[in-house]
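Enquirer: So that we are looking at the same thing, I have put the structure below in structure tokens.
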Amino acid sequence: MPTPHIEAQKGEIADKILLPGDPLRAKFIAENFLEDAVQFNQVRGMLGFTGTYKGHRVSVMGTGMGIPSISIYANELITEYGVKRLIRVGTAGSVNEDVHIRDLVIGQAAATTSAIIRNDFPDFDFPQIADFDLLDKAYHIAKDLGITTHVGNILSSDLFYGGPDAVKVGKLGVKAVEMEAAGLYYLGAKYKVQTLGIMTISDHILTGESTTSEERQLTFTDMMKVGLETLISE
């Protein structure tokens, strides 16, 4: 049965899925990387597709921006459609001098300014951590492909404009700031499924460097390749 936000029938979504924030990036991935891709969702413009990649059945779907949005879709994908492996492929802003525009960042753990997780844990901070097996595979896949990749802590912020002091955050070793991974990692722990965030640096908060919206939608293919290869890895 369809959910309030996903119109797919049972069986139309694979148990492995890529989750870009931008639904047009989901369409780009389906059109350029998947064979026999079929669209399973367009509710609220959040496009989703299922196809095959190197003979493996996989899906890709947009999530929108922020932890509330990705949490809605990830919850429904896990609880209603049986998805077991979810990899976010999105953009992030660097807060580290050694992490440059178009580099990849794999988030080993995600701090957050969001209060959503505190609804379940009001008395202490619950750590949002990626699935180590997926992280390890993604890192080695990226290295084998010769892609500049950093592994470390990231920050999932509720604010795109404003938010935590970038210099202070960077001094703590945080690699980048984005808006979704902590929520996805928390749901991974809650439902005992595999989750990971692979981000491309689209902006450098310290230097002011940036990429265009068209670049963010259409050219960050390294992240897509690493995400797909990790998704189908044994």
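Cβ atoms are placed via backbone N, Cα and C, with glycine included.
Found this in Swiss-Prot, in case it helps:
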type	residues	note
ACT_SITE	Asp203	active site, proton donor
BINDING	His5, Glu178, Met179, Glu180, Ser202, Asp203	purine D-ribonucleoside binding site
BINDING	Gly21, Arg25, Arg44, Arg88, Val89, Gly90, Thr91	phosphate binding site
SITE	Arg216	site 'Important for catalytic activity'
Enquirer: What is the nearest of the binding-site residues Gly21, Arg25, Val89, Gly90, Glu180 to Asp203 (active site, proton donor), using the Cα of each?
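Expert: That would be Gly90, the closest of Gly21, Arg25, Val89, Gly90, Glu180 to Asp203 (active site, proton donor).
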Enquirer: Can you grab the distance from Arg216 (site 'Important for catalytic activity') over to Ser202 (purine D-ribonucleoside binding site)? Cα atoms, rounded to a whole Å.
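Expert: If we compare the Cα positions of Arg216 (site 'Important for catalytic activity') and Ser202 (purine D-ribonucleoside binding site), the gap is 7 Å.
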Enquirer: Taking the Cα of Ser202 (purine D-ribonucleoside binding site) as the centre, which of the binding-site residues listed as Arg25, Arg44, Gly90, Thr91 lie within 10 Å of it?
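Expert: The binding-site residues close to Ser202 (purine D-ribonucleoside binding site) (Cα within 10 Å), listed in sequence order, are Gly90, Thr91.
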Enquirer: For the binding-site residues Arg25, Arg44, which one has the sparsest Cβ surroundings, going by other Cβ atoms within 10 Å?
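Expert: Across Arg25, Arg44, these binding-site residues, the one with fewest Cβ atoms within 10 Å is Arg44.
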Enquirer: What are the non-local neighbours of Arg88 (phosphate binding site), defined as same-chain residues 6+ apart in sequence with CB under 8 A from its CB?
Expert: Leu18, Leu19, Pro20, Gly21, Thr63, Ile70, Glu180, Ala181, Leu184, Thr195, Leu196, Gly197, Ile198, Met199
Enquirer: Can you tell which of the binding-site residues Arg25, Arg44, Val89, Gly90, Thr91 lies nearest to His5 (purine D-ribonucleoside binding site) in space, using Cα positions?
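Expert: Nearest candidate: Arg44.
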Enquirer: So how far apart do the phosphate binders Gly21, Arg25, Arg44, Arg88, Val89, Gly90, Thr91 get, largest Cα to Cα in Å?
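Expert: Between the outermost Cα atoms of Gly21, Arg25, Arg44, Arg88, Val89, Gly90, Thr91, the distance is 21 Å.
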Enquirer: With every protein chain in view, what's the tally of Cβ atoms within 10 Å of the Cβ of Thr91 (phosphate binding site), excluding that atom itself?
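Expert: Its Cβ has 23 other Cβ atoms within 10 Å.
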Enquirer: With the purine D-ribonucleoside site defined by the record as His5, Glu178, Met179, Glu180, Ser202, Asp203, how many Å span the farthest pair of C-alpha atoms?
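Expert: Overall maximum Cα spacing for these binding residues reaches 30 Å.
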Enquirer: How big is the gap, in Å, between the Cα of Arg44 (phosphate binding site) and that of Met179 (purine D-ribonucleoside binding site), rounded to a whole number?
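Expert: Rounded to a whole number, the Cα-Cα distance is 20 Å.
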